[in-house]
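Colleague: One structure follows; several queries about it will come next.
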Amino acid sequence: MQEPLLGAEGRDYDTFPEKPPPSPGERTRVGVLQNKRVFLATFAAVLGNFSFGYALVYTSPVIPALEHSSDPNLNLTKTQASWFGSVFTLGAAAGGLSAMVLNDLLGRKLSIMFSAVPSAAGYALMAGAHGLWMLLLGRMLTGFAGGLTAACIPGRDAEALQALAWLRGPDADTRWEFEQIQDTVRRQSSHLSWAEARDPHMYRPIVIALLMRFLQQLTGITPILVYLQSIFDSTAVLLPPKVDAAIVGAVRLLSVLIAALTMDLAGRKALLFVSAAGMFAANLTLGLYVHFGPKSLAPNSTMGLEREALAGTEQPLATPTSYLTLVPLLATMLFIMGYAMGWGPITWLLMSEILPLRARGVASGLCVLVSWLTAFALTKSFLLVTNAFGLQAPFFFFAAVCLVNLAFTGCCVPETKGRSLEQIESFFRTGRRSFLH
């Protein structure tokens, strides 16, 4: 009688092949490899943010240097400096809009790689500039590259699955995760009809997200970062303005790390309240210090305030050893910490939590566009308003906006920490806060 095939063994046939479980050493090696790949992918993503952040604050030390340049073709007036500082945001808006086309034509990876071309060209133009037009074009190109990188989204299935398998490791079951991602993308890509857009559960979260991005910029974060060294040059500070600006940059990095650790420990609304209160105190302190405090001994052409101070005001001039002159640095540090722990990251986080999936693509594009256009208006007008009304005027305005942010958070922003998408959508459908408790 022929031997049954079931359980037959041989080099060419094995009904139930058995794979021995991995040893502890093998599991450790696989885990380390997966962690390395996650860290590598995260580092690659962070490089884009690093480049974007560097391009945004590039003008902080450059504008004061150009205003005192011996080259008449590069010596900037206040109006020219305002264009040099603000045109970056127009480039970022254009880059974000163009990403919708390039993602379909090139895919996400190639779009991000392509962004290196305008970025390198922009820096080359600014490095070798012989006139204002080269500075402005270079600044706009770096903004375009930053906006393009930030707006890139996943576009190609085969490449996405391959990248996910590389990230999770060869032994991970990536098919289920990939199908979930595909389902989310399909739901986001479906067209939203006008009748659906008029539904409260659709337009209410969109309006909240748009207003949050609008109010986020009105706190003054972009003009303060763009003109940071110029602001310190125009106020009486204990340390050199360059050192103050570097300290603020380090505090900004530390604040982001703290925010990443506390984001899931505290509620969204609590962090928004603390953030707005901190920024209000910081902006109010800066405005009062500029208005009533000592004046800088060193003239500065950026803000044009020293002529005002020397024209008969009773405000004392600062002495190099006066500890009162630490106020601008400390207030700016408080502002940066407040922004980084609330209104900076949470506006982005809430967009992903409250926006309906079907409207998320269009609504996110609108939010980014509103954000950059608001940033342009503020950055362009900051130096002009300062020259006309004094440096205290924009800080008092930013402080008033922070009060509006407090009220807006209390009456309009839902708490989403620990809530499911169904609970959040039910809240917007009915307006009953019991769904969020």
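The backbone N, Cα and C atoms fix where each Cβ goes, and this holds for glycine too.
Got these off TrEMBL a minute ago, pasting:
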- 1-28: region 'Disordered' (REGION)
- 38-63: transmembrane segment (TRANSMEM)
- 41-417: domain 'Major facilitator superfamily (MFS) profile' (DOMAIN)
- 83-103: transmembrane segment (TRANSMEM)
- 110-126: transmembrane segment (TRANSMEM)
- 206-225: transmembrane segment (TRANSMEM)
- 270-292: transmembrane segment (TRANSMEM)
- 326-350: transmembrane segment (TRANSMEM)
- 362-383: transmembrane segment (TRANSMEM)
- 395-413: transmembrane segment (TRANSMEM)
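Locate each feature and note its surroundings.
Modeller: Within the chain carrying the transmembrane segment (206-225), a Cβ under 8 angstroms from the stretch's Cβ atoms is held by residues 56-57, 60, 85, 89, 231, 276, 279, 283, 332, 335, 339, 343-344, 347, 350-351, 354-355, 359, 363, 366-368, 370-371, 374-375, 378-379, 382, 394-395, 397-398, 401-402, 404-405, 408, 412-413, all 6 or more beyond its ends.
Remote same-chain residues near the transmembrane segment (326-350) are listed as 208-209, 212-213, 215-216, 219-221, 224, 228, 231-232, 235-239, 244, 247-248, 251-252, 255-256, 258-259, 262-263, 268, 271-279, 281-283, 285-286, 289, 293, 405, 413, 416 (criterion: CB distance under 8 Å, separation of at least six residues from the stretch ends).
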Colleague: Which bits of the chain, at least 6 residues beyond where the transmembrane segment (110-126) starts or stops, bring a Cβ under 8 A of a Cβ in it?
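Modeller: Distant Cβ neighbours of the transmembrane segment (110-126) are 48, 51, 55, 95, 99, 102-103, 134-135, 137-146, 148-149, 152.
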Colleague: Would you say the transmembrane segment (270-292) and the transmembrane segment (395-413) are touching, if the rule is that at least three C-beta pairs must lie under 8 angstroms and be 6 or more residues apart?
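Modeller: Yes; at least 3 Cβ pairs under 8 Å.
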Colleague: What average pLDDT does the predicted model assign to the domain 'Major facilitator superfamily (MFS) profile' (41-417)?
Modeller: 80
